[in-house]
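Accompanying notes for the structure given below.
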């Protein structure tokens with residue numbers, strides 16, 4: 001500081017034509033260039049900065065991200081001193097809404113909340129940390145991902161509570177829909193969530209059809225489970241009906257009833273219904289999708305109904321609904337929301353207790369009883385196939401009518417997750433064909449790509465038909481279409497050539513799932529994974545092979561040009577073949593992809609010729 005002040009005085013003296021002594025001038029110059037005092041000793045653990053080093057730039061921040069931290073007070077808890085699930089749902093919905101409105105720039109309302117599985121309870125004095133951010137924006141709706149964890153301030157322990165996905169709709173004046181700007185993901189995690197959001201949206205839309213198909217294919221008779229102990233409890237004894245008057249504190253900033261408040265009221269009556277069955281205090285373990293069918297306003301009366309639909313050995317499903325009406329009783333009630341909640345009763349060791357059976361009411365009660373059994377199977381399928389980490393999912397998952405939606409979701413999302421990885425390294429380049437590798441803890445994946453002069457939609461149609469793959473892939477001997485699940489999913493029995501050191505050809509049962517772009521910039525996707533079918537067990541004349549994740553992504557580059565990329569997570573029996581190609585000791589993979597290009601170009605020309613003849 002002294003050197004700086006002296007230098008300023010020196011500058012004024014020079015400007016005023018005052019002669020400056022040489023020793024003072026020398027001291028000032030030395031002081032400006034660097035202090036002559038010894039360097040400051042570094043503190044323990046302090047790193048030395050390299051000359052010219054600058055602070056590292058901060059990580060990219062998602063502008064839609066909202067973080068909320070709440071200290072759990074006694075007023076937030078139940079009789080056990082644990083955070084009420086209803087209160088947690090309020091906080092979750094608030095954080096998600098704030099994130100959605102950051103992106104939309106206008107008011108947003110909750111349209112739905114996906115399944116939530118609660119892993120732990122939270123006690124008084126602990127802190128709830130909620131992080132919400134928009135994963136993807138569609139036309140007028142957007143998906144918000146929410147992560148909830150708790151923090152123990154005394155021990156410093158952090159633990160995950162749940163993960164949820166909520167759909168919000170942006171609203172303009174008089175409730176009109178607002179067209180949203182697209183969201184541009186930045187990090188690898190954001191790109192993965194962005195890509196899979198389209199698949200989750202597709203799964204939401206077909207959820208009702210999945211339940212209907214399962215009920216159609218299952219026996220129509222209602223069979224009561226036989227269980228040791230007392231007789232079945234009539235479901236009517238668990239029925240709960242409660243009314244709430246919507247007051248200003250229950251409304252959001254738009255004057256509508258706060259979605260989180262409605263969910264909290266629904267959780268309250270569902271808990272009462274569950275308690276009436278087991279005569280104990282139940283614990284909420286899971287919530288099946290909340291779906292908001294319409295708004296309610298301040299002054300409305302909300303009628304909340306709950307009943308135990310079915311009781312399994314260690315858990316029970318409670319159905320709950322919310323209806324609204326105004327001051328005039330003559331006006332019919334409006335259905336606002338409905339959900340299904342799964343409860344357990346824990347003993348002193350924290351283990352689920354055996355529950356009494358439920359005797360359903362005739363008519364609608366029997367329908368709800370059967371639907372609860374179907375939903376339990378769907379939940380198990382969904383948790384088994386979708387919620388598990390990819391490495392925990394068995395390679396060949398049994399396929400049946402009830403889990404077809406979730407297997408298809410897992411198939412496509414696994415490929416999209418692989419595509420979104422950022423650490424791909426260029427391994428080989430042969431003319432137009434480029435080969436990349438991705439090394440992870442348990443997998444070696446490869447990607448091979450090139451640009452082809454063919455419209456993306458045409459390449460998509462050709463490459464999604466496995467029955468024609470033998471025309472360009474010499475490893476394929478045949479592919480038989482076993483079952484057409486729907487227009488987007490098909491199951492094939494594939495026979496391939498013998499592997500090195502094998503004396504029998506391989507066969508696969510493969511689910512092929514294809515998706516057209518959801519919005520501009522998305523690729524065409526053709527995903528493959530192994531499944532098992534009772535009609536096609538392993539046979540002695542083949543070595544049964546499996547594939548966990550592979551498939552094509554096709555990006556339009558122009559009306560006549562496409563970038564075609566093939567991805568594969570190499571299985572152990574396939575590794576030697578892949579590494580030989582990566583090391584340059586073989587060009588078989590590149591040659592196969594060049595044959596693929598010729599196949600695409602030939603069939604493009606055949607199509608043009610047929611159109612000209614027509």
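Keep in mind that glycine also has a Cβ here, set from the backbone N, Cα and C atoms.
Range 35-61 is the one annotated as region 'Disordered', of 8-34, 35-61 (source: TrEMBL). In terms of DSSP secondary structure, the domain 'HotDog ACOT-type' (62-174) contains 25 helix, 54 strand, 34 coil. Note: the domain 'HotDog ACOT-type' (236-349) comprises 26 helix, 53 strand, 35 coil (DSSP; helix = H, G, I, strand = E, B).
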